[in-house]
Amino acid sequence: MLCLLFLLLGLTGLQTDDNSERLRVQFTVPEKIRSTSSGGVETHVSYIILIEGKTYTVNLMQKAFLPHNFRVYGYSGTGSMKPLEHEFQNFCYYQGYIEGYPNSMAIISTCTGLRGLLQFENVSYGIEPLEPSIGFEHMVYQIKPRDSSSSVYTEREIELREKPYKIQNVEPLPDFSQYIEMHIVVEKDLYNHMGADTTVVIQKIFQLTGLTNAIFTSLNITVILSSLELWIDENKIPVTGDANELLHRFVKWKRSYLVLRPHDMAFLLVYREKSNYIGATFQGRMCDKHYGGGVALHSSTISLESLAVIIAQLLSLSMGIPYDDINKCHCPGDVCIMNPAAVHSSGVKLFSNCSVEDFLRFISKPKSQCLQNQPRLDPTYKSAVCGNGKVEEGEQCDCGNKKACDALPDTCCVADTCRFQPGSACDTGLCCESCAFIPKGHICRGSTDECDLHEYCNGSSAACQEDVYVQDGHPCGQNQWLCISGICVDGIKQCFDIFGEGTSYAPAECFQRLNSMNDLSGNCGVTPTGFTPCTSENVRCGKLLCTYDKREVISVENASVMYSNINGKICIGLHYEYGNEDEGMMWVKDGTVCGESKICQNKQCVDSSFLNYDCNPEKCNNQGVCNNKKHCHCNPSYLPPNCEHSAPGWEGGSIDSGNFPPSEPPTGGPAFTDVGTTPLAESRYIENVYRSKPTRWPFFLFIPFFIILCVLIATLVKVYFQRKKWRTEDYTSDEQLESESEPKD
């Protein structure tokens, strides 16, 4: 126990060393209960977290604050500035609230476990992963800031008042967004105080930015960390003197050295063991390139939560938002942001009606236009850096530094330019060998399951084709089960994988009897307070139950094996304690068949129609299956797209496989042209080749008949007019003869 306590004291969290008093440390295993994703990134997520014996539901929404060109800067041994190469994630920062507590706030990072702050109206809890831990264990602790007398700001000195605000609702803001781009400099002493580890310090500055962001949510402001600078070995300016002197010294330095790094505000964060001042800025000068700066003094008596309040107050002052006169201003909570006491209080802090009015006044003026610049906040935000070993935008290749490149067996890439060597087509990839593309038809990703499909090199790309698999809902496992995401969700295999030989999927009576008991033997879920019962229609989707026909006792690590005799059959199941990382093994897997046209989904037996399985065997001429793109994957010797034509010796596949049919197929088959530079382009081309074309031969057959008919009509017309002319001439001649034969008087 003593070792564990020392370990906990060394963990990095929302506070540094003795910044704040931790009350009783609690341990919890957060449970994810909801998640919504977009583009492979969770945009909304909810967790159940146990705090002081009570469960709370925390709802979170992604809150990005790093721009696409974000960089961390340091200095080389010669004193020249250089970018520091570190892995950053811009998609694992969230902001939200605790369900049922309208005046709550949650600021959480999920990059490595849950790390952040849970703020109720007047109390804050820190949460961070327990390291090392086998499971998803976290520790939760209440943060109680220590009292301190350092609360005076140089540019706007305000008397610290102990009188309470008059509480009144604040009018809502108009629905528009503003953005503050912030450059932060961490001086040497603070870098050491935060752990003297670049990764740890960066993580804490990210947390600080997230906390500051949460404060400005009510004003529809997003605080962007545009860039970060670490003074690791030495400070670039003296950091002695009071905050006012340091502020003028810093803005003078920033005018010369931060010209090329865009920002609305630049902050110097300085560590002081004790200080009468905790910050300084120029009031109302945020968008001024000469005076848009501030200094925050981080003393040993404040937490990261308190430092976020200091940053928020400095940003507010720089927008012309003064401290509150608590005799005139109204606060929607106990303490508002622009009260010096906010630095030493826990819980959610909002802006008073005076602050809102001052903010609206500031953004109505032309000098606030810098806040309307919306940075690009892509999750993939890093600019390309040649030599870091990762191929980024604008690079053909990147083998690392010159030494690493020279050590490779095939030198396909020029280390200095990140371009291919002359004559090289590739340097890495499943379909690249000796700097050249592997010929078409080579299997680059073999199938791993009867519901998975081979992918092949296409001969024109270093990348293997996109992973494709049999369409969800296709029967498998001797037509007893269904394919889901390239895996046959086979109940028999689930039992074998856990219990080994001698086991099989339990019959219906085992599920009906045991999973309706709502105890260790069978249930539809485990919570911190007990079991979730199975309804009669969901009994086959709760605890996984298997039959066992051997006499040996089964042992499963960290689990209890439950035995039951049901109508002469031994039915067995597992039980893990709540929060165990392997507890998913004791449930029937999603996608397992639970009835006619029904499958298990989230421990419920639901209609399988949501899989949208629509592959009729006749679509592929009974010679193939549909893949997840709903294209036919043909059996060997049959050609896509519809498996209608044959080509003896061809291994089979689809228009998505990469092994497109040969350029000269057997007689009777359609002709193919081998064109394409990438897997996607080639797929489009082949699909167009196979697309049916309108029949045109009747048109060409009709043309000769049409010409003959036209000639015939022209001839008849000519004959008609010729004969008419002859008749007219004959009539005229007859009249002349008749007149000549008449007697004269």
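Every residue gets a Cβ built from N, Cα and C, even glycine.
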Among CYS287, CYS354, CYS370, find the residue that Swiss-Prot gives as the disulfide bond partner of CYS329.
CYS354
Tell me which of CYS287, CYS451, CYS457 Swiss-Prot records as disulfide-bonded to CYS370.
CYS287
Recorded disulfide partner - CYS634, candidates CYS620, CYS643, source Swiss-Prot
CYS643
Count the Cβ atoms, other than its own, that fall within 10 Å of the Cβ of CYS615 (disulfide bond), considering every protein chain shown.
18
According to DSSP, does CYS615 (disulfide bond) sit in a helix, a strand, or coil?
coil
Measure from the Cα of CYS287 (disulfide bond) to the Cα of every one of the disulfide-bonded residues CYS331, CYS444, CYS620, CYS632, CYS634, then give the nearest.
CYS331
Counting distance between Cα atoms, which of the disulfide-bonded residues CYS331, CYS354, CYS444, CYS626, CYS643 is nearest CYS620 (disulfide bond)?
CYS643
From the Cα of CYS626 (disulfide bond) across to the Cα of CYS336 (disulfide bond), what is the distance in angstrom?
61
What is the interatomic distance between the Cα atoms of CYS329 (disulfide bond) and CYS370 (disulfide bond), given in whole Å?
28
Rounded Cα distance in angstrom between CYS354 (disulfide bond) and CYS370 (disulfide bond) is 23
Within 10 Å of the Cβ of CYS632 (disulfide bond), how many other Cβ atoms can you find? Include all protein chains, please.
25
What whole-number Å value do you get for the CA-CA distance of CYS457 (disulfide bond) and CYS643 (disulfide bond)?
21
